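Here is the structure we will look at.
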Amino acid sequence: MDNPAYVIDCEREFATMAGAREENLSEKTRPHTFEEAITLTGVGRFHYKLLLICGLCFMGVMVEIMGVSLIMNQMKCDLQPTLEQQGILASAGFLGVVLSSHAMGFLADTWGRATTLRYALCLSSVCSIVSAFSVNIWMLIVFRFLTGFFISGGQACVFSLCGEFHGSGSRIRHVTLLSGFLCTAMIFAPAMAIGILPLRIETIVLGMRFSSWRVLLLANVSISLLALVGISALPETPKYLLVQGRGDESLAILRTIFAKNSGRDPSEYPVKEVALESGGASLSDVHGFLDAVRLVWHQTVPLFHRSRLWHTLNICCIQFLIYFLAQGIFMWFPTILNELGTRNGEDTLLCNVLQDFNIASGSGEDVASCSVEVDTSTYLVMIIIGACFVLIYLIFAYIIDYMGKKNLLMAWMVLTIICLVALHYVEQFALVVISLTIVMAIGNCGGLVSTIAMEFYPTHINAMGMCFIMMVGRLGAVAGSNILGRMLFASCDPIFWALLALVVLLCTLGFFLPEKKRAQQKKPSATAKAIVAATTSPIFAINSK
């Protein structure tokens with residue numbers, strides 16, 4: 001028979017051991033931070049699909065905005081616009097993007113990134129298709145404005161959508177690669193124009209001659225429709241769901257991403273619970289007009305909080321000036337090339353060529369006269385420039401981890417300064433074109449600034465912040481395309497020196513941009529090493545947020 005005292009001692013000992021075991025288990029199942037959880041999903045098939053879909057959204061924006069400038073000459077034959085109406089048409093899409101960017105940011109932060117993009121792409125596609133059947137110039141202007149109004153979400157919101165599916169180790173590279181799709185659009189749109197605009201189409205549809213420019217507008221919608229199909233297959237970002245207090249849904253999506261990247265069962269995902277983040281705003285809180293206004297206000301004010309005010313103003317200023325310079329030169333680049341070409345290969349200073357050109361030439365053109373002949377040489381030049389920009393973005397994506405965002409940004413600005421100085425002295429045609437192209441490529445730095453901003457703003461106002469700074473950038477593009485070109489033709493030499501001072505200012509402002517410090521990588525435990533070794537996709541070191 002057992003000794004009762006011995007039995008009691010054994011029970012106490014086992015109880016103590018069980019309690020210690022429970023404590024150890026509770027320590028092991030502690031909630032992971034979001035950065036830990038998203039890093040453990042790996043980077044694989046899901047993220048490459050995500051990059052393609054988000055890239056198509058980006059391409060859709062650029063193609064729709066650029067599409068109008070490619071049809072100007074052919075459209076005149078059917079709609080007979082005045083020069084003023086052509087100017088309004090050229091800027092209608094940009095104006096739509098500017099006016100809706102704030103609203104798109106608000107909806108993305110309160111309604112969801114993927115949901116907002118689905119509706120935005122659907123409505124913009126409908127408006128673009130309707131614009132192809134315009135019976136007069138004002139109908140075309142209105143529907144191109146609406147196309148820009150709705151498609152603006154495809155540019156700014158997509159930064160948040162892409163970035164929130166990545167951990168800190170892969171986010172910068174993928175967002176930088178995403179920005180490169182804008183340049184891919186610069187290849188796609190002119191290539192479509194070369195293939196479609198020279199066609200002679202005499203078909204009558206709904207009582208109107210269905211010319212090749214209408215076909216081109218319809219063809220451009222294909223990118224947005226492909227993006228819409230892709231977005232419809234994507235889940236909401238797990239980080240957004242976590243901020244909204246929907247932790248179980250967020251964890252389910254993280255398991256799905258893990259399974260797609262690793263090819264393993266979702267149950268093998270090592271994270272059992274993700275720590276909730278601070279709550280964000282939701283449209284479910286809106287019960288009237290005043291609630292909506294109050295919610296918009298609460299989403300916007302944090303951008304200008306005392307701790308963020310300087311950085312927000314700095315980022316907006318840099319974006320405005322970058323796009324002012326890049327778009328202002330790009331708008332007139334084909335004209336500059338044509339003027340350089342008239343010199344029959346003669347070496348001459350760029351400013352000598354521009355000062356001899358009368359920018360008002362052709363202003364007295366009879367609006368009733370038009371030509372269906374298509375000069376594809378300009379489109380070929382645009383394709384070459386787009387290819388150069390894509391190459392630049394690829395270089396950015398693969399050296400950004402080594403140089404850092406701010407260092408890369410300022411290095412490119414220093415190169416831009418050198419090229420602006422060279423334009424005062426070089427006379428060879430090839431060197432002039434290369435220098436101008438590098439100066440225009442400063443627009444690529446807008447993607448770097450957007451990456452910095454995406455990391456700077458917290459999740460609950462991230463989309464609003466991205467949309468706001470992109471709105472300011474678009475304002476710079478509108479101002480540059482309407483002002484800078486005319487100033488260059490009027491007084492070239494002083495303006496180039498002014499642009500040099502502008503880039504020096506940009507370089508100075510870039511030095512003060514916020515940059516998220518990389519956390520010190522801790523030596524991984526045996527458990528972490530086992531998890532990393534077992535995952536088939538690349539896994540980056542786990543960092544606490």
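All residue numbers here begin at 1 and follow the chain in the order shown.
Cβ atoms here come from the backbone N, Cα and C positions, even for glycine.
Heads up, TrEMBL stuff is auto-annotated, nobody curated it.
Given the structure is predicted, the values throughout are model-derived calculations rather than measurements.
Model confidence over the domain 'Major facilitator superfamily (MFS) profile' (48-518) is summarised by a mean pLDDT of 80. Summarising the annotation, TrEMBL assigns domain 'Major facilitator superfamily (MFS) profile' to 48-518.
The transmembrane segment feature in TrEMBL is assigned to 50-72 (among others).
Annotated transmembrane segment per TrEMBL: 87-107 (among others), in sequence order.
As annotated by TrEMBL, transmembrane segment applies to 119-139 (among others). Residues 57, 60, 64, 79-81, 85, 89, 104, 146-154, 157, 205-206, 208, 214-215, 217-218, 220-221, 224-225, 227-228, 231 of the same chain, all 6+ positions outside the transmembrane segment (119-139), place their C-beta atoms under 8 angstroms from a C-beta of that stretch.
Residues annotated as transmembrane segment in TrEMBL: 145-163 (among others).
The transmembrane segment annotation in TrEMBL covers 175-201 (among others).
Annotated transmembrane segment per TrEMBL: 213-234 (among others), in sequence order.
Residues 381, 385, 436, 439-443, 445-446, 449-450, 452-453, 456, 468-470, 472-481, 483-485, 488-489, 499, 502-503, 505-506, 509-510, 512-513 of the same chain lie 6 or more positions beyond the ends of the transmembrane segment (313-333) yet place their CB under 8 Å from a CB of it. What TrEMBL records for 313-333 (among others) is transmembrane segment.
Taken from TrEMBL, the feature transmembrane segment covers 379-400 (among others). Using a Cβ-Cβ cut-off under 8 Å and counting only residues 6 or more beyond its ends in the same chain, the transmembrane segment (379-400) has close neighbours at 70, 172-173, 176-177, 179-180, 182-187, 189-191, 193-194, 333-334, 337, 408, 437, 440-441, 443-444, 447-448.
Outside the transmembrane segment (407-426) by six or more residues, the chain places 349-351, 396, 399-400, 432, 434-436, 438-439, 441-442, 444-445, 448-449, 493, 496-497, 499-500, 503-504, 506-507, 510-511, 513 with a CB less than 8 A from a CB of the stretch. Per TrEMBL, transmembrane segment is recorded for 407-426 (among others).
As annotated by TrEMBL, transmembrane segment applies to 432-454 (among others).
The transmembrane segment annotation in TrEMBL covers 466-489 (among others).
Annotation comment: TrEMBL describes 495-513 (among others) as transmembrane segment. Counting same-chain residues at least six beyond the ends of the transmembrane segment (495-513), those with a Cβ under 8 angstroms from any Cβ of the stretch are 310-311, 314-315, 317-318, 321-322, 325, 351, 405-406, 409-410, 413-414, 416-417, 420-421, 423-424, 439, 442, 449, 452, 484, 487-488.
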Message: Considering only Cβ pairs within less than 8 angstroms, which of the stretches 50-72, 145-163, 175-201, 213-234, 432-454 has the most against the transmembrane segment (87-107)?
response: 145-163
Field: Chain residues in Cβ proximity to the transmembrane segment (50-72) (below 8 Å; excluding those fewer than six residues from its ends, i.e. six or more beyond)
entry: 86, 89-90, 92-94, 97, 117, 121, 124, 128, 144, 147-148, 151-152, 154-155, 158, 161-162, 165, 174, 177-182, 184-186, 188-190, 193, 197, 213, 216-217, 220-221, 223-224, 226-227, 230-231, 233-234, 379
Query: Going along the chain, which residues at least six beyond the ends of the transmembrane segment (466-489) come within the CB cut-off of under 8 Å?
result: 90-91, 94-95, 97-98, 101-102, 104-106, 108, 152-153, 155-157, 159-160, 300, 303, 312, 315-316, 319-332, 335, 354-355, 357, 359, 446, 449-450, 453-454, 457, 495-496
- request: Using a Cβ-Cβ cut-off of under 8 Å, list the residues of the same chain that are 6+ residues beyond the ends of the transmembrane segment (145-163) and lie near it.
  value: 50-51, 54, 57-58, 60-61, 64-65, 92-101, 104-105, 107-108, 113-114, 116-117, 120-121, 123-124, 127-128, 131, 171, 174-175, 178, 224, 227, 234, 237, 240, 450-451, 454-455, 462-463, 466-467, 469-471
